[in-house]
Amino acid sequence: MEKFILALDQGTTSSRAIVFNNDGKIVGVAQKEFTQIYPKPGWVEHDPLEIWESQIGVAREVLDKTGIKPEQIAAIGITNQRETTVVWDKTTGKPVYNAIVWQCRRTAPICDELKAKGLADSIREKTGLVIDAYFSGTKVKWILDNVEGVRERAENGEILFGNIDTWLIWNLSGGKVHVTDYSNASRTMLFNINTLEWDKEILSELNVPESMLPKALPSSYVYGYTAKEVFGVEIPIAGAAGDQQAALFGQACFKPGMAKNTYGTGCFMLMNTGEKLVHSNNGLLTTIAWGLDGKVEYALEGSIFIAGASVQWLRDELKVIETAAKSEELATSVPDSNGVYVVPAFVGMGAPYWDMYARGAVLGLTRGANRAHLVRATLESIAFQTRDVLEAMQEDSKIKLEELKVDGGAVANNFLMQFQSDILGVNVARPVITETTALGAAYLAGLAVGYWNGKEEIAKKWNVDVVFNPSMDEELKESKYAGWKKAVSRALKWENE
Ligand SMILES: Nc1ncnc2c1ncn2[C@@H]1O[C@H](COP(=O)(O)OP(=O)(O)O)[C@@H](O)[C@H]1O
Ligand SMILES: O=P(O)(O)OC[C@H](O)CO
């Protein structure tokens, strides 16, 4: 009986289930978008039950579609939008509030207080992170402080916290297993990435009871089994990693200095730094890449909050394109952006600026500017933001990148990929399988149950599709980038001015 690995990829905008075979090839995919909830400007929520239902729905759908029986699934690997925070009742399994999404800015004032107390250095030292509303810690505090009765019940041990990996594993196991993996734990701002323990001082500062927290474990590990009622059989849940770390694994970036950039809702560049924990001097994060083979490895990360989401904004809010794919056609219908710059700081700006109060801006408009220029400038903004983080990464790591591996939904856009290569002056390599997030989760799960033997076997499965080579004139490249820097300076600190 042929066996497969089922990867569950719970992203910011959709839940996906992908079945992989032993060659690391896709056998089937099912996907479902779910509701984005914006209760106030700058606030973003998801319904945790909708997340679970959409995720289990696509898992069952992909098995139906492919005719693969649950008995043929050797293991399940989980990968997820990171930082998004769910708090639920231990007995009923019911969330006490909507999930507060990584993009949500509501806890900016709590972060300001932590900064005012002078905690930035110690938090960076312990967690590898900058103080920002992005991470889970202040989101948990917000729920405890604002949802009636929850703090008291949490103190009585009746309430659990988890990121989406934890929430899915809890539900898959029928409410038996409350765990997370090191890569997800490293995004909470509650976890000490040096000692691999929840940090008592930060917990006490944020007044978060330790009993709410999941047990942190390696990323390739049999956490438990699916409850009988989920698929009819017990399947090992054997891998979990935050989606960006999973993509680094799926791209086989196993050696220090290897980097990938994932273009989804946001854009996240990660560079493997091996067993060495590198602290950034240039606005990047230090994060756990994965726990595997009895050790953890680290990565430097440049987190860009809005990338593909800006294309969705063009489609859904401005309605200047019908589909995301149409953005390429429109962008290439004009020779350049006609001096227009879009700064998509819709939820503040992440690396390397870390400004929770920046807001979106369109600059350089003249009478001749049309929607094609606006669309082109929006795509270009994704590439400019990537240059911002690549420069910081090269500075921190002292490594000059020769090639950037790319993946995620927006890499289908050839204009964007060519412009990216041009503006970086670096080769951009798009692999055959761009679903590297799910693939990474599948590999981590497969390794835990002996479906694959090790990283060497996996590295051989990586195949390139296209390499985009830089071809833009140096002077033009630098003048375009200088325009971007100027545009960003106008968008920063907008909200509190
Ligand atoms: N051809 C395209 N050009 C530009 N952006 C695209 C294209 N196709 C998809 N996208 C963008 O990619 C994102 C979806 O990528 P995906 O990796 O599925 O994201 P996520 O995991 O964050 O939900 C969307 O934001 C969408 O706007
Ligand atoms: O859902 P994605 O793929 O945009 O990823 C979201 C990140 O994990 C947020 O840190």
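In case you wondered, yes, glycine gets a Cβ from its N, Cα and C as well.
Curation does not apply to TrEMBL; its annotations are automatic.
As given in TrEMBL:
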DOMAIN    5-250  domain 'Carbohydrate kinase FGGY N-terminal'
BINDING   Thr12, Arg16, Thr265, Gly308, Gly409, Asn413  ADP binding site
BINDING   Thr12, Thr13, Ser14, Thr265, Gly308, Gln312, Gly409  ATP binding site
BINDING   Thr12, Arg82, Glu83, Tyr134, Asp243  sn-glycerol 3-phosphate binding site
BINDING   Arg82, Glu83, Tyr134, Asp243, Gln244  glycerol binding site
DOMAIN    260-448  domain 'Carbohydrate kinase FGGY C-terminal'
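Nothing from the binding-site residues Thr12, Gln312, Gly409 places its Cα within 10 Å of the Cα belonging to Tyr134 (sn-glycerol 3-phosphate binding site). Those same-chain residues not listed among Thr12, Arg82, Glu83, Tyr134, Asp243 yet with C-beta within 8 angstroms of the centroid of the sn-glycerol 3-phosphate site C-beta atoms are Asn80, Gln81, Thr84, Trp102, Arg187, Gly242, Gln244, Gly266. Each residue contributes its Cα atom, and for Asn413 (ADP binding site) and Gln312 (ATP binding site) those atoms are 14 Å apart. For ligand 2, the nearby binding-site residues are Arg82; that is, of Ser14, Arg82, Tyr134, these have a C-beta under 6 Å from one of its atoms.
Put simply, of the binding-site residues Thr12, Arg16, Asp243, Gln244, the one whose Cα is nearest the Cα of Gln312 (ATP binding site) is Thr12.
The CA atom of Asp243 (sn-glycerol 3-phosphate binding site) is located 12 Å away from the CA atom of Arg16 (ADP binding site).
The binding-site residues near ligand 1, defined by a Cβ under 6 Å from one of its atoms, are Thr13, chosen from Thr13, Tyr134, Gln244. Within 10 Å of its Cβ, the residue among the binding-site residues Thr13, Gln244 with the fewest other Cβ atoms is Thr13.
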